[in-house]
Amino acid sequence: MCDVAEHLVETSLSIYSCTTSVGPSSNHELYRRMSVHAIVPAELPTRSLRRPFAVRMWTRLLRVWSRASVSRLGRYSVERVEALDKYCEQVSLLRVILVCVLTPVPSLLVELASEIIPLRDPADGWKVNSGAWIRLFIIITSTAAGSLFQVRSTTPELSYFKVFSIAFATGLGSTPALMLLASLWGYPLPFTILLMTIPAAIIFVPLVLLTIIRKGGKLIGTMKLKICLILAQAQITFLYVAFSVVFENSSNALRFGLILFLPLMKLFLKNVVARLASDNVESIPAVAVFTLDVFNALYSAICMQASGSWWTSLVMIVVNVVQTTLSISEINGAAVSFLALNHNKTAISQPKRSRVMEASPRKARERSPSLLQSARLKMYTAPSLHHINRQKPSPEVTISATQMEISSQLLFHLEYRVLVGYIEAFIPLLYAIHLSILSHLPSAEYYPPTRIPSNDQLRSTVGGILAYASTEVASLVWLHLEIKRKLGFSMLYQLAFVLETETELLQGRLFVWIVILLQLTLAHYGTFVCFKASEELAYPIVLVWFSVTS
């Protein structure tokens, strides 16, 4: 069992209940359990005329960048805190580990199953390459199904039968259209993975709209943002490939400018995705991370493999260690804040526990027996306190709205950070496993990563990716242990909570990106553009930017 969030989760619950309950407390004790400085730092000191202009501008830039962060776009509701509290009490550590490890497995198995399909040399033409067209059908179908699972997570009216029917029809209609295009244009089609989105969208969107209209017009408003979000995800691949093409064909001076532009592009895309997911604020971290960061991590791993350079992996490892150290320093700052607040002499009365506070670990067993179902239902309802027995607050209890907001934002930010760490750790590991299995399959000769290198070169490449992935895993564990030690909160349980209670939302995105990107370099799908020129300094810098701006 997990000693659930004694300094964070119960603090959040206490703050929400303070406006509705009465009872004795101490300001000293309430603030002792509450630390937000690790996430929302104290106000910057008054500007000093002695500070250099460059320092002032850098401070302003950091402030603007921080305000644009996706982790500041939402907060936890009372219902979500309750669900997390119960999950931490009722779920075993073994289950938490299994959830974290097995989450990417289904999409990986689908991709490996398609690798078993035999292929012919693409030079033989499109007519004899039936295996390649079957693979493309699987990619389109799984992508359509994954997109619909993202929609279904908040629209249960969309049944599983309709999900698979629309996905199958999309694949069945798009594949012949691409075959016709190949017969007219030539085979293999250049950038097939990008071209397939055009006929797929032409078939997919009308089928979804027709299904919604038949279910009732009230769903149209709900589905507008969801469809826009799906279409926005499709544009991410276009933007990254376009960036790669421009980068590859630019001068060194222009490449430097493009490298500086990359983090701005990522930040813009993340905010677009987050805004489109804003109809359910609590899902913003999961949507943003499992859209941009999954794509970015896989694309970076593919480019890292293409470089064939150990020192590129080494540079990214060093950058990762620095990032983790900075995160840990924030936690240490929170600990210092704890000590300072513990000496606060001001006292207020402690409120009695409301019904929300009864969701603590000691009371969790007495609540709803259906943990995950309750969590899912609560997460997709608007935050509400109407079910709490409101009582006239004591004059001694004065918890500001700002304090309530910051406390709930703390858990929101922690969720975002642990999801980013999870993706950065497990996606490169997943790619290394896929590369190792692929090297023993007949289709390996049609993938550049496994066609040319010798066994020693392949082992060296996989070793570099595994070394990087291992440091990411170690960083995630380190961050978890430090937060557990300093704040008494288990980020590992919070990670498993998100992965398990938002299964359809997250699995849908994994099926979209993993199945597509792991076959991105297949010779039958035309030219794949990644950053070449591994001898130049620009290539590793691009990968470092990929890592830093995550």
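Every residue gets a Cβ built from N, Cα and C, even glycine.
The annotation transmembrane segment is assigned in TrEMBL to 93-112 (among others). With a cut-off of 8 Å between Cβ atoms, the residues of this chain six or more beyond the transmembrane segment (93-112) that come close are 2, 138, 142, 422, 426-427, 430, 433-434, 437, 492-493, 495-496, 499-500, 506-507, 510-511, 514-515, 518-519.
Residues 107, 110, 113-114, 117, 119-120, 122, 126, 158, 163-164, 166-168, 170-172, 174-175, 178-179, 188, 192-193, 196, 200, 204, 208, 223, 226-227, 229-230, 233, 504-505, 507-512, 515-516, 519, 522, 524-525 of the same chain, all 6+ positions outside the transmembrane segment (132-151), place their C-beta atoms under 8 angstroms from a C-beta of that stretch. The transmembrane segment annotation in TrEMBL covers 132-151 (among others).
Residues or ranges marked as transmembrane segment in TrEMBL: 163-185 (among others). Packing against the transmembrane segment (163-185) from elsewhere in the chain are residues 126, 133, 136-138, 140-142, 144-145, 148-149, 152, 192, 195-196, 199-200, 203-204, 207-208, 211: each is 6 or more residues past its ends and has a CB under 8 Å from a CB in it.
Annotated transmembrane segment per TrEMBL: 191-213 (among others), in sequence order. Taking Cβ pairs closer than 8 Å, the transmembrane segment (191-213) reaches residues 136, 139-140, 143-144, 147-148, 151, 158, 162, 166, 169-170, 173-174, 177-178, 181, 219-220, 223, 227, 231, 234, 237-238, 241, 516, 519-520, 524-527 in its own chain, all 6 or more past its ends.
Tertiary neighbourhood of the transmembrane segment (225-247): same-chain residues 147, 150-151, 154-155, 191, 193-194, 197, 201, 205, 208-209, 255, 258, 262, 265, 269, 272-273, 276-279, 287, 291-292, 295, 299, 509, 512, 516, 529-531, 542, selected by CB-CB distance under 8 Å and a gap of 6+ residues from either end. The feature transmembrane segment is assigned by TrEMBL to 225-247 (among others).
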